[in-house]
């Protein structure tokens, strides 16, 4: 590994990445470029500028990526009804490829020869950042301080901050025992008492949603309009992707929707407990499936269902920028051209209930054929006999052969 | 098709199958054997005896198959976390193979050369019955009166009943507009106003569960003990499979759990709207996944997830008695030997919340490795660098080649 | 089924379809439009005109579809390295969708309300024709005389021909005991002595290829140039798709390449013995894989390999014109943008040997990394340790837990 | 990593592993146990004893594992018709799990705390050895000298040998430019001029098989008897698994069968050129498929075909000892209970031709149904209409909706 001259750091402005910033300068004697993005984490990004400046940074990138995040990452993923291990809506995973892309691009623009991030050596995020960066900027070097340094405890980190004059906010307040991550799609909780999978998190852990118990007593009905598999309007009001998520997060939170408590399998090899709040995502998954049920061909639906776990793995494991993800996305996107129409939902105390779905242009529902009533010959029941007979033929031959052999 | 001498009829004792019974006698001039099974549909099966006798039937089979149904069909299916098209718990589909098996067996015992059922020519059930019967008794003939006769409307059916002295109960009462089917796993509703997928069913349609609104205000916590992927005890009380379902149905119904409203793709080629109540099943799916998350290997989990849609299709389409279903079941069952332990759940107003999972014998959760705290060297963070580097290698080579070509 | 006024018949000009032509006129009292296509079956299509005219046909379509067949059907299929049941190159299957398409189009142009074909009720071809036609012209009616009429033996057919003045060529000559089908991709043999799967076909059955024994004693070397997964030139000479197949058929036949003798599973439920000669196809499969091995990403290769059997089933079963085939094709075609380069082959006595592959623009082969010699640091062998350690982690945890539980 | 006291070395007796032996003693100051296995590589294993003794080794394991290798590894793999990337018969990959197992077991028996092997840091074999060892002995340490030491060129290795008195045989002879590996299933060639994928290997590289040109001029016919998917007899003579491979290797080599020249994708991320000779394996694959074509259900065949690439990946990547491989093996083995019967083959100049297959007990071939002749009503051609109509229904609905929307 050659000497590093300039490194682009994914910088939140918080204590950890501020320490990293300083540590990079000290350890590598290199220039640091900071990159801070608003992806809806709910914290101001503007203060990152002053902090970076105070640490001597000259090239400071602060960007509002909320629309891009929702439009180019969250929405495509929801077209596949993506769930990791049957449950997880991939709220953290899907934010990483965008950060990786911008790190790679800023490195290119600023002539940096390395990027750095604040993810630990135990988690999936390091993999997601680095696979993305390597795929987009193959010659780059990656610095992952948590895998390198000796600041292996919170105490040492605080000591380093103190020594180097890095301000430690809220030092004296009570610190959450949980490691959290948030963006427009979700907020996650890991660590601390959650490391016991038998432990039920206390109500105060959850930051976004009302508990079902405390949620609104009146149900909300709403209609979502879809175009090519993406939500384009809520109750008739056209909204941008980020506005869709904001809106549904608000509604979902009010109705206690989107909490999840699970044990998942990390790519690096161990099981890990996580709790998630994904109000908008929970609503979107349910609604999208409902519209697909009306507008997608059966075999296309089944093909998507069979490919989905693999697609989810790719995103979870950090392969967004891989050629196999692109190809699967092409197939998924191709399937969505008919996913146009409206879904009507009822939200109530943690429940997302589909109460109606329609499509003026693409419904494949043929009541004249499906009806229990007289269908005027639209469907010939005699056909079923031949259908069954030929589908049964191999089974019958096998049973007959078994009898005679 | 040769002349039929004796036919085994899947007989509910209701109007439709009573008419079929008579019609078979008249049309085929054959002897009819009736078979009536209690699979938890919630109606008395005993009265079927007197009705069959009144119609001159001499061989009458009335059986309580509830335990067999739950043990040999429902439980194996839940080991796979089976969902058809992402939503449907296959409550109707899974009951058919057992009926088919008994029809075939009774035909063999009674020397019948045919079986008959009351499923229409438009639905999946005819396929499920007949594929099963053909696979188990390949020489048998199948009579599906709904595909043959001219009693194509309710009026004609009633007229036929009247003419032939078949008592029509509740003739004058208000008849449900829905076609219903029930067993220990679920109750389903189809037809009538549901044929409009934009129509929201009125509250009175739902027969089993309280609505979330009307459900209990106090949450219930419960613990489910698993052995090899099957529930063996609730709150420490050892229960048979059927008792597990009864118990969870009761609890679920009280808490508004298990309603589903969807459009599904039938095997015979059209889309169809169905509403389902599956209280126990909804709880079981959630709980089983939770215990697997603790006790199953990651790649086994993913393998099961990828195979599940195919397995669900097999059951939905009626291929329970096929060799490919047997092989998949073998793989699924093989995966469950470690799925032992306990899941703790909270039921509240439609929500099934996993609040804890543990396994004394088979947990693969290694907090000493996963911990955010000091792990005393259990995991070497340096390893992640090589892991990422080699996983990235192909992506880097491809990007480099693209730059240079 | 309403009365038929005009029907488009897939007409070969041979005895069978001439009888069908007459039978349609007689049975349905309808006008018949004939459609005869040259897809490289090796028989003149021109004579079909006179024959049709002699039978009173007014609208006669005779078309040379060889280029369209190779370009839009054969080539796309080979992009997927398609094999049905591990062996069969789908030579018959891939020709049907094109015929179906033209039948549907000609029906539309001529205002016909039905189409008819000469495939039997036992085979796959009826399914392929009809699924295609229904998908493209959903209101059309299909007449399959072999499933309807009583001309159930060759004798009855000949008698019918005699009675109706249909000339029977070669009546007195020795007729092949085999049912054959040919197009630019292959010739197939079924029936007769092949119905015993232990029977070895006599040498004289094979019509296209020299036997390996009788084939050329001198090997031929050749180079195939690919563009986006399709062969565009042989030994540097740019050729159209049909010319590519003709050329490779000639070369392959000379070198005894492409014979296949197998038992396959028909979609209609029984097993069937078939013998095939596919000289060009055998060469193309081998060469295409070789170029992909150089230019395709690993995971893309594996994704294609896993999807291939499903794609092959779709073609074999007649679902070319289904939305799921379109989507898979999109994915497959998307993967081929980098499949550019040249493959060098040696043909000798039944063997197709890849002896070289190169791509100026898209090779992903990185000898500087793969080399056994000094790689000047291009690959860090230390990385392998972390790679293995983390991939092993779940296996180690499981083994440790097993020891301690 | 704690100090190593005793290490079990996979020892061939050759120069490389002799240097490793010495280097381990020097570098780790530990005791070395040697393990040398005969898996049919064609070199004497007995001399390894004297060599190890000369280097001061006290615990020496020399074992004939040929039968175990063929019975428990090769045969199970062939039940799946396993091919990696459509071509490679996994001859190297399948030998590693057995070596890993014995390393782990000998470590346990001898109280060793580590194992060592002579695979480089660039290849797949290190992964296969180490994943196996970790899965079976999770606490063990692994030493991979090629990833650690500075003997990075042949010159340095020879110098080390000279310095430490390790005899270097054939030092003066001409050394093959290829890296080779052999066992009863195959011999492989890598490196040297093969690193250019356009290079055609000279005839002298191939060590086992005659070239098709030089192979026997008379074809050989042979019959293979199968039981549960495994070959149990050749031409009626009952043979052990290893004898089956020896026999078929001899026959295949004589007839120029089993050469392969390909570019493959390594698990560690790069493409690599390899040439292989697998005479017996090539025959076995072809014959096994042929018997399956007669005795396996269609959907089981297709299920196996779809799972095969994944199963191949597991073996190629070193996951033989993983739970997912066990489960897939269970499914595969379960499918083989009916794969009983005989396949007749013709071997000639590189060609393996199936000329007959039969099964007294398990044939599913029903000529009475498949026949082109009169089938006496065994198959009702009318059934095909309903079969096609219902399979077409979704396609027709979609086309109709498209017309009307």
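Just so it is clear, glycine is given a Cβ too, placed from its N, Cα and C backbone atoms.
The candidate list A:105, A:200, A:264 contains one residue that TrEMBL assigns to the L-citrulline site with A:88, A:93, A:124, A:128, A:179, A:188, A:276, namely A:264. When A:118, A:121, A:123 are compared with the ATP site residues A:10, A:11, A:12, A:13, A:14, A:15, A:16, A:17, A:18, A:37 in TrEMBL, the one appearing in that site is A:118.
Around the Cβ of residue A:188 (L-citrulline binding site), 20 further Cβ atoms fall within 10 Å across all displayed protein chains. Proximity to chain B, taken as a Cβ less than 8 Å from one of its Cβ atoms, holds for A:120, A:179 among the binding-site residues A:18, A:120, A:179, A:188. Summarising the environment of residue A:264 (L-citrulline binding site), the number of other Cβ atoms within 10 Å of its Cβ, over all protein chains shown, is 19.
When the binding-site residues A:10, A:12, A:18, A:118 are ranked by how far their Cα is from the Cα of residue A:124 (L-citrulline binding site), A:118 comes first. Note on proximity: among A:10, A:14, A:18, the binding-site residues of the record, the Cα nearest residue A:179 (L-citrulline binding site) is that of A:14. Taking only the Cα positions, the spacing between residue A:264 (L-citrulline binding site) and residue A:125 (L-aspartate binding site) is 14 angstrom.
Listed binding-site residues: A:93, A:120. The one with the lowest count of other Cβ atoms within 10 Å of its Cβ is A:120. Each residue contributes its Cα atom, and for residue A:10 (ATP binding site) and residue A:276 (L-citrulline binding site) these two points are 23 Å apart. With respect to Cβ neighbours within 10 Å, the binding-site residues A:16, A:125 differ, and A:16 shows the lowest count. Residue A:179 (L-citrulline binding site) falls within a strand when secondary structure is assigned with DSSP. Neighbour density at the Cβ, taken as the number of other Cβ atoms within 10 Å, is lowest among the binding-site residues A:12, A:18 for A:12. Annotation for the binding-site residues A:14, A:118: lowest Cβ count within 10 Å of the residue's own Cβ, A:14. Residue A:12 (ATP binding site) is 21 Å away from residue A:276 (L-citrulline binding site) when you measure Cα to Cα.
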